[in-house]
Amino acid sequence: MIVSPFNPTQLHVFETALGERRLELTEKSQRLADTFAGVQSSRSDGSADGAHDAEASSLRTEWSRMSGFQGEAVEELAAIDRALQRIVDGSYGRCVRGGEIIPEGRLQIKPAADLCIACAETAAQRRR
Ligand SMILES: [Zn+2]
């Protein structure tokens, strides 16, 4: 059985950090969704003349930038939820691949981290 290397007090600190990050992402994502809705309604007011091409193109750029963020936010939220689940089941702080202890310093920077440094490096190399 995989047991977390952290005591309940430490786990509570990580849980709080994860919860705050989750809230921050949810709010940012919601604000962007509102902006999307605003962009959409301003686009659909029927002005199809060429004078708006430059504006439309900058909107498209902005749009794809926001979509990119939304995709990342969804992924990070999923990672945060998995980390919170590991706090519940008691395996938080262990590498999900090899079961090694994930250094506390790494989790302080990235509380949703689910791999030890060695496994994360291997995963990053495979992606290249
Ligand atoms: Zn590992």
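Glycine residues also receive a Cβ, built from the backbone N, Cα and C atoms like all the rest.
Annotated features in TrEMBL:
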- 37-62: region 'Disordered' (REGION)
- 90-121: domain 'Zinc finger DksA/TraR C4-type' (DOMAIN)
- 95-119: zinc finger (ZN_FING)
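Residues 2, 5-6, 10, 14, 17-18, 21, 76, 79-80, 82-83, 86 of the same chain lie 6 or more positions beyond the ends of the zinc finger (95-119) yet place their CB under 8 Å from a CB of it.
With DSSP states grouped into helix (H, G, I), strand (E, B) and coil, the zinc finger (95-119) comes out at 9 helix, 1 strand, 15 coil.
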